[in-house]
Amino acid sequence: MFDGYDSCSEDTSSSSSSDESEEEVAPLPSSLPIIKNNGQVYTYPDGKSGMATCEMCGMVGVRDAFYSKTKRFCSVSCSRSYSSNSKKASILARLQVTGKPPTKKAKVLQKQPLVAKLAAYAQYQATLQSQAKTKSAVSLEGFSWGNYINSNSFIAAPVTCFKHAPMGTCWGDISENVRVEVPNTDCSLPTKVFWIAGIVKLAGYNALLRYEGFESDSSLDFWCNICGSDIHPVGWCAASGKPLVPPRTIQHKYTNWKAFLVKRLTGAKTLPPDFSQKVSESMQYPFKPSMRVEVVDKTHLCRTRVAIVESVIGGRLRLVYEESEDKTDDFWCHMYSPLIHHIGWSRSIGHRFKRSDITKKQDGHFDTPPHLFAKVKEVDQSGEWYKEGMKLEAIDPLNLSAICVATIRKVLADGFLMIGIDGSEAADGSDWFCYHATSPSIFPVGFCEINMIELTPPRGYTKLPFKWFDYLRETGSIAAPVKLFNKDVPNHGFRVGMKLEAVDLMEPRLVCVATVTRIIHRLLRIHFDGWEEEYDQWVDCESPDLYPVGWCQLTGYQLQPPAPQTSRESQSGSSKQKKKAKSQQYKGHKKKRKMPVGKKPVSLSSLPMTGGVRRSLSGDEELTPPPYRTLPAQTAPEAFPPPSTSREFSPSLKTGN
């Protein structure tokens, strides 16, 4: 582990390869202390007192580390070469007088060709870095989780809260003070060198690191993704033959770095040796492109359609409906989403299904194996069970900020239920939606009142404030038995105020910066940073649409940053003009669901009208733009990659990979 600091080890090699002999050796700066790693010499600049210069190769290093009593040579190799080479005097003179490197014929300096190159390049790199300091003061465009968390003293939900995310079930005890080996960016060498750092703060996958030796000095602290390819457990450099080089800022703080590291690292924790392997394995996803699935029809929630897996990013699937010839009619969801099922699922439980016009599978497409889908809990429907007409409270899938008065419209097999929102249903039932009996999105009558959540009454219901007792009596209905609902509350680990990355389920292609603002048992209120509370969404603590901070960076998905203040103000100030312009641009715009509680609906979809106009989950049919927030100054992304900036819906904009 500490071979990188064995500066007294001697290189007994006395010959160079033929390839090395053809390389010119650059002049050596006069201040380059030595650190050796497995016999190979590396250097770092700006040495001070107690130094010596090798009379053979010109290497400058710590005097005590030099060979022989006279300290004239840095190694046995240089001592032997000096005594056997007749050209030493002319070569040394040329180095001292002209400052030019010897020619290819001057083979006397071939013993350390890599070191000479590193040393020659060091001063040049140091100059570039000093010039870059003035430029680095200019803030980079884009969102940075590290800056966002540091500047506001935020905390992030731990990775262990997300069992479906990479490393969610094998994160272990990675915490503050864990040591890792990382690239040393405070160095002038042209090759990648490493140093040891400790975790100061952990935010999801992201860690704030501080180089060993800086103690309480945070000037060079930096954020990185702990699952990144450049993060290694302590001991990796020694095993891989990589150099450990102290940061230039503190290189003279200690004279014996090996002793310092031994003292600091004794008893310290580091990453498991197989950490990178576990990361890689946890990012292998069983769903593959060309697989066929059944997924909810976003234009008619009551039925499913066949879709093809077009791409997989971090476990999120871009599904293209089978009948979409140009592959623009798509839908995003996680592979563990309750909205997707194996081929034949709809028929097996009695769910509505839209038959495809395509009579047979296209070449290369194949049905997804049923065992790959998320399993639902088995239930016993033989005893007391849900019945059609029973009342309950449910999260509206088209307005996830609202928990509404709802009715069971149909009981399917295997514990599945078709549910409708009272007062807002289409005449043909096309906006009924399917929840399983164990779904955390349905609640017994009185749930909202007990937990002080505002219940959304049926549209058009005028007897306010809403009272369940009166409503049940007026409608001649009964409440679904409390004992039938899912009352399991896992020890999820979420706390109010925690930051995370969350899918905007009204635009499921978008993953946004978000905050947990309220926790009711297993139910989380998710707020999208930078947007008003009316856009919040109720989500289960085990939802596959929630991710740790740094998930987008780890998987390559595009993260939507918080809306800037200027965008919010401009949106608010020009909302009337936007509404007027959109009403002129698009014909047949569907009306929003009116909410008696006096709040604007959040849905991105086309919400119901009287007369049986159907709702959709996406609102992209019939050129219908949803009433949703926008970032006016941003442009629409190109076709198919996950959108990078725009939160404005455009009927012509299709998402994809």
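The backbone N, Cα and C atoms fix where each Cβ goes, glycine too.
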1-31, 249-279 - the one TrEMBL records as region 'Disordered': 1-31
Leading stretch by Cβ pairs under 8 Å, where the reference is the repeat 'MBT' (466-562) and the options are 143-247, 255-351, 353-458: 143-247
Mean predicted confidence [pLDDT] for the repeat 'MBT' (143-247): 94
